[in-house]
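Swiss-Prot lists these features:
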REGION    3-7  region 'LAST'
BINDING   H65, C78, C88, C91  Zn(2+) binding site
REGION    273-302  region 'Disordered'
COMPBIAS  280-290  compositional bias 'Low complexity'
COMPBIAS  291-302  compositional bias 'Acidic residues'
Amino acid sequence: MFKRKSTAELAAQMAKLAGNKGGFSSEDKGEWKLKLDNAGNGQAVIRFLPSKNDEQAPFAILVNHGFKKNGKWYIETCSSTHGDYDSCPVCQYISKNDLYNTDNKEYSLVKRKTSYWANILVVKDPAAPENEGKVFKYRFGKKIWDKINAMIAVDVEMGETPVDVTCPWEGANFVLKVKQVSGFSNYDESKFLNQSAIPNIDDESFQKELFEQMVDLSEMTSKDKFKSFEELSTKFSQVMGTAAMGGAAATAAKKADKVADDLDAFNVDDFNTKTEDDFMSSSSGSSSSADDTDLDDLLNDL
């Protein structure tokens, strides 16, 4: 069942997890999401639970790429979840084309996105009271991740005490508050309450009930859940088209599209003055994609 553990042990586990950068995950069975009102606001009280496996951290970090281009979606888990940037065609595309420095718009579209996962006990859920007392998986973003870290990475020399918020006895409930600010969900007012034990946690039958509802988060990042580089490359090429070629090939493709656009822009009189030979080698048509909303909007946000 549950065991007490030191905050130093949790801090070390979280530091190891923090080495991974990037993604989001699609809808997951058993995931709890805060229901928002028509104004985009909502609140609940949850409790982060310890790991189901004593050797694993109580959190999981999953890195993904999710974007739409040329009318097609690319939504795949990224191998950088395990610190491997070479087995992801999107990461290679970003690196080879130096998108961070040369094309900020493209970089923002295809960059890695990170989702954090935990087992939680729903303490209070005003919008869905039927969830109260139940255990779910919960996906959250960096804002909440930073608040969890702030409870552990304290200044001991200044008299601050680190808190393992996942401890069933000495952890703390988390008040999740979401407010709509400038069209985005804002989590700034979310906070941890004072340390407290989960009610009835000393009852072994209650512990067992909670434990059996929890999932092994390490399975989410198991390498056998990730697609091969070849499979991902095929999908990436289908979505990106000529842009996936990168380098000189992509540049040539862009120039060809530019020529086609220029030809389309000729007026009829100019066209009539040209001979058939002038246009024998011309190509027509070009592809473009409009800006799309972030995939997190498609997945109803974090």
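Every residue, even glycine, has its Cβ placed from backbone N, Cα and C.
Help me see these features in their spatial surroundings.
Counting only same-chain residues six or more apart in sequence, the Cβ atoms lying under 8 angstroms from the Cβ of C91 (Zn(2+) binding site) belong to C78, S79, S80, Y85, R112. Secondary structure from DSSP puts C91 (Zn(2+) binding site) in a helix.
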Let me check the 10 A CB neighbour count of H65 (Zn(2+) binding site). How many other CB atoms are there?
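The answer is 27.
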Applying a 10 Å Cβ distance cut-off over all chains shown, what neighbour count does C88 (Zn(2+) binding site) have?
27
Should C78 (Zn(2+) binding site) be counted as helix, strand, or coil on the basis of DSSP?
coil
